[in-house]
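Read through the structure below, which is laid out as structure tokens, and then see the notes.
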């Protein structure tokens, strides 16, 4: 118990330090001539966000002894590898065409840079924690001859804005007219240079990051976002209105009919959902797997809610390097106790006997596939020498978090669930032998019902998905978390209502095996999201190559699987509440 408590405190401290501390611990105040930290981060193909490499993997000008910046867990998970850059951008010091270095590129280096230019490589740096980007070169195509000319930019101009003793904004410009031809495989002498211009601005230091969020909050984007919200809200209102009207009318008629059956029992025979009252609370097959799904789904739902709370209070501001990844790792570890408690408690309610095995199953249900996917993708990243490959030390840290926080809290939650002594509250007694389910038409089978259940929730979030994907798998910035949270709430509500409706229609035709069906129908939205991933990759993105493709589909499959578990849990909980309510409202002999 003490060990688990210490683990919780440790994890909270890690999260607070990682999310609240400045990237370099400085106060960002400088005097004229002071050195302002500039770090080169990474380079990579513009259309492949996961395929990034260390800055000095390409033959750029490098300091005599480049030093790597010490990075937090989230920064490493994000693929950031910051190292000292050779440019001297001292505070309020203008420079005009200062030579960075002179070098002669070998044939191999020319071929490497030409390949980078052909793939639209960009570089990213951080100046006083402000991000900046630029392209390495450009490719000119001769329309008449059809030949391509590869040009490498050799001069960079920095436009820096300041207010008082603070750096406010930085922009980078590359001059296509000052470039060197690297089309042919031959040694090329080159002189890299840069210039700096400082300008005063009235923008306060507290608002210097706002420019990075403007792209996602511009009027045309906000209009589309709000259209998405209104569309989803109308869908929800119509859906819930229709379902509530139909269910209330049908249930009212059912209650009236069943209340009169006691008086005229000899004249009419039981039919419909009351007929199967002795089977509707018969526990499902594969109890351990079922309870593990409910436990893992509850944990993922709690994780999503906590992440949204952090986002709404402004923790994930643009380019707060690695904050989201750190939060995901630490909060997932802290919420493992919820999974342990929920799964064990529910498993024992289902009269399960081996709760320890069920607890291990719960711990591996989501982490297992995620770990296997990570091992494969990390191996691919190592083969490509990409920055997405995690260093050994980071892997050790993640394993320690799992061993010292996740596992103890999971066990602690399981013990608490075992000692809760809660019983499954069934309003009706279950008969000894199950009734035979009547033969039903094909459209009442599992797969068509899953298709119906997943389509409506997916249609409510479809428009917003594009912006999320463009942010995660592109270079757009997403900052309107309030809208995203509303869409998430809508997704939960629609999933619950659709699953309840399908559960009622299933019981009405005397099919009492609704337990697994409610999970599958609720979670089917995750399958729709996966099909959208395929569509987005082929129709909306320019991603290519084995590494980027494997990263996209590998991690998105895990995300869709997480949505399946989370929404499947929502569907089952809503259906269980509904089924208990309707059977509690009638007399069951």
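Note that Cβ sites are derived from N, Cα and C of the backbone, with glycine treated the same way.
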> Of 193-218, 323-348, which range does TrEMBL call transmembrane segment?
Replying inline: 323-348
>> Using Cβ atoms and a strict cutoff of less than 8 Å, what residues sit near the transmembrane segment (323-348) while being 6 or more residues removed from its termini?
In response: 8, 11-12, 14-15, 18-19, 72-74, 77-78, 287-288, 291-292, 294-296, 298-299, 302-303, 306-307, 310, 315-316, 355, 358-359, 361-363, 398, 401-402, 405-407, 409-418, 420, 422
> Do the transmembrane segment (289-317) and the transmembrane segment (480-502) come together with 3 or more C-beta pairs under 8 Å, pairs six or more apart in sequence?
Replying inline: yes
>> Six or more residues beyond either end and a Cβ under 8 Å away: which residues meet both conditions relative to the transmembrane segment (552-579)?
In response: 50, 280-281, 293-294, 296-298, 300-301, 304, 365-366, 369-370, 373, 376-377, 453, 457, 473, 491-492, 495-500, 503-504, 507, 514-515, 518-527, 529-530, 533, 537, 543
> Can we call the transmembrane segment (390-412) and the transmembrane segment (453-474) in contact, meaning three or more C-beta pairs below 8 angstroms at a sequence separation of 6+?
Replying inline: no
> What else in the chain is close to the transmembrane segment (360-384), if you only count residues 6 or more beyond its ends and a Cβ gap under 8 Å?
Replying inline: 51, 288-289, 291-293, 295-296, 299-300, 336, 339-340, 343-344, 390, 402, 406-407, 410, 414, 546-547, 550-551, 554-555, 557-558, 561-562, 565
